[in-house]
Amino acid sequence: MNQKLKVAIIGSGNIGTDLMIKVLRNAKYLEMGAMVGIDAASDGLARAQRMGVTTTYAGVEGLIKLPEFADIDFVFDATSASAHVQNEALLRQAKPGIRLIDLTPAAIGPYCVPVVNLEEHLGKLNVNMVTCGGQATIPMVAAVSRVAKVHYAEIVASISSKSAGPGTRANIDEFTETTSKAIEVIGGAAKGKAIIIMNPAEPPLIMRDTVYVLSAAADQAAVAASVAEMVQAVQAYVPGYRLKQQVQFDVIPESAPLNIPGLGRFSGLKTSVFLEVEGAAHYLPAYAGNLDIMTSAALATAERMAQSMLNA
């Protein structure tokens, strides 16, 4: 089947532009319909024009006025959390059945991490891609969660300062809140916590993620196997996703429990997972794995939805 569904991308910054290149190069069920920005001089809009994609710098209102809008089935929103709320309202009014893939921390729709819960949300009109830290770490929490009950999970996402554009910087509070919540909702942890670090080092460092999971006592080999299997599943759409070293385990005995603020005393198994995410360097440099994992997860989500719509 050669039929493809048309997509528009709102936001002509780092994420939007990388996503456009991924759609143009890699998509099987989607094709570019329009690229939407608010800065007429942005590199993303200029690049879209050079690649033959229809553009507008009049935001969502401009998109709705384009003749191409009639054929748009999917919209990727790569703006900011506050902008997404307005964009959703305008688009929904203009075309009630349009599908939105939200790459901001707005989270109007359910959280989606493709390897964990995409199949549950194929029919949803708005899904939220959590955050870059969430896409990288929630699969690891879920991997432990399918072996043992997870009481607490804490993630630290370290990204290069250079890869954080104005949208990322404006959304730091939303990043921590959305990621923490999604660790609980999708990862299966009773309590989640997220920390983001922007590293100003030059040359820029690759995205690194540390995941600490406190769970009920469990077979360490089973946890390690579950983590390895999940890493492989993520690599299907983010080839640069990998374990930095072997999974580390610490048994916390009942005689010397840990005190977790808000949860009380804990004994069981502490699992530490160390990840790095290298980008595919389609538009962004390879060190910007944090942005690449977002665009890759968003494309994987929309592709699976489009496939399901075309096969219906």
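The backbone N, Cα and C atoms fix where each Cβ goes, glycine too.
Reduced to three states, the DSSP call for Cys132 (active site, acyl-thioester intermediate) is helix. For Cys132, the entry in Swiss-Prot reads active site, acyl-thioester intermediate.
Residues annotated as NAD(+) binding site in Swiss-Prot: Ser12, Gly13, Asn14, Ile15, Ser163, Ala164, Gly165, Pro166, Gly167, Thr168, Arg169, Ala170, Asn171, Asn290. Taking a C-beta cut-off of under 8 Å and a sequence gap of six or more, Gly165 (NAD(+) binding site) has these contacts in its own chain: Gly13, Asn14, Ile15. A coil conformation is recorded for Gly165 (NAD(+) binding site) in the three-state DSSP classification, outside any helix or strand.
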Whole-number Å distance separating the Cα atoms of Arg169 (NAD(+) binding site) and Cys132 (active site, acyl-thioester intermediate) is 13
Cys132 (active site, acyl-thioester intermediate) and Ser12 (NAD(+) binding site), compared by Cα position, are separated in whole Å by 18
Longest inter-residue Cα distance for the NAD(+) binders Ser12, Gly13, Asn14, Ile15, Ser163, Ala164, Gly165, Pro166, Gly167, Thr168, Arg169, Ala170, Asn171, Asn290, rounded to the nearest angstrom, is 17
If you count the other CB atoms within 10 A of the CB of Ser12 (NAD(+) binding site), including all protein chains displayed, you should get 27
The correct three-state DSSP answer for Asn171 (NAD(+) binding site) is coil
In chain order, residues whose C-beta lies under 8 angstroms from the C-beta of Gly167 (NAD(+) binding site), counting only those at least six residues away in the same chain, are Gly11, Gly13, Ile15, Ala78, Thr79, Ser80, Thr104
